[in-house]
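Colleague: Dropping the structure in here first, questions after.
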Amino acid sequence: MSALSITSTLTLRNGIKMPRFGLGVYEMSGQQCTKSVTWALEQGYRLIDSAEWYENEEESGAAIRKWVDSTPGASRSSIFYVSKLKSNRGYQATKSSIQESLDKCGLGYIDLYLIHSPHSGKQKRLESWKAMEEAVDSGVIRSIGVSNYGTKHIRELLDACRIKPCINQVDLHPFMTRTDIVKLCRDNDIHLMAWGPLVRGEKFDHPVIVSMSKKYGKSPAQILLRWGLQHDFITIPKSVSKDRIIQNSQVFDINIEPEDMKVMDALDEYFVTDWDPTKAD
Ligand SMILES: NC(=O)c1ccc[n+]([C@@H]2O[C@H](COP(=O)([O-])OP(=O)(O)OC[C@H]3O[C@@H](n4cnc5c(N)ncnc54)[C@H](OP(=O)(O)O)[C@@H]3O)[C@@H](O)[C@H]2O)c1
């Protein structure tokens, strides 16, 4: 039996503990987001992954605050809230985006703030980072990281930064294993956060996933999530359904055997579900 649980955390390079499992809120309308975040928190999720781009930072923050206020023993610090910078438009624009995200969520601080993608070129990427470092200095952001960074972008940032990134959030699932990015991140103490961990439902009927589902008595979705967790990827499935939010969290009572993990690793086919900025200039 695995020792992992829904509240398991890992420790980032700055000493801050981050939950290993959470809810992604991409493509949720405002009302869907309020409900989904509330259901997730009730179910024990402690990490919420939002973004400027998703246009639901207000609803995410409001649902968290309401849940904290109405739940005995709960506190703001028991929730890990993530947001992301939509685009790299320079130092001043990044400062403005950070302030807007803070105002919208109303949570007082953001636990983790990511550059959403490397698009825009080196100078603008590094300007975004500088503004984010200053937000850490002033205490309004606790940890900073990147998303969709390829190896070139990670090396560029490590060469230039004052505060090193804690996280790279990339699409990671058995059909997209990104082993080069994963290795470089691990070598540099950057944790991986897996977006699209359910492959957006596009591989639920793959014969290997179906056979693992039967073997372990779990749904294809649960098998995919468990694979990511066992690779130590912070895993953030999205769902607007209460039943599926609950189902996705019931992945802590199985352990995929090492040989089955290898079979799943071998499914890699560079399968892109959404976008792939990892090779941007
Ligand atoms: N950094 C980035 O560039 C980036 C890009 C994409 C996503 N993300 C983050 O990663 C999160 C997750 O990724 P994602 O939204 O792309 O996709 P995903 O989590 O792989 O898949 C979500 C899809 O699976 C369905 N689903 C959820 N649970 C299910 C279950 N148990 N059984 C069957 N279907 C299920 C959902 O439908 P229902 O909602 O109807 O249940 C939805 O259509 C996002 O919400 C976002 O926070 C980040």
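For all residues, glycine too, the Cβ spot is worked out from N, Cα and C.
TrEMBL lists these features:
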ACT_SITE  Y54  active site, proton donor
BINDING   H116  substrate binding site
DOMAIN    27-201  domain 'NADP-dependent oxidoreductase'
DOMAIN    209-268  domain 'NADP-dependent oxidoreductase'
SITE      K84  site 'Lowers pKa of active site Tyr'
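Map the listed features onto the structure and describe their local environment.
Modeller: Counted within 10 Å of its Cβ, the other Cβ atoms near Y54 (active site, proton donor) come to 20, all protein chains included. In the three-state DSSP reading, Y54 (active site, proton donor) counts as helix.
Mapped onto three states, the DSSP output places H116 (substrate binding site) in coil. Sequence-distant neighbours of H116 (substrate binding site) (same chain, six or more apart, CB under 8 Å from its CB) are A51, E52, W53, K84, L85, K86, S87, S147, N148, listed in sequence order.
Secondary structure counts, DSSP: the domain 'NADP-dependent oxidoreductase' (209-268) has 35 helix, 2 strand, 23 coil.
A sphere of 10 angstroms centred on the C-beta of K84 (site 'Lowers pKa of active site Tyr') encloses 25 other C-beta atoms.
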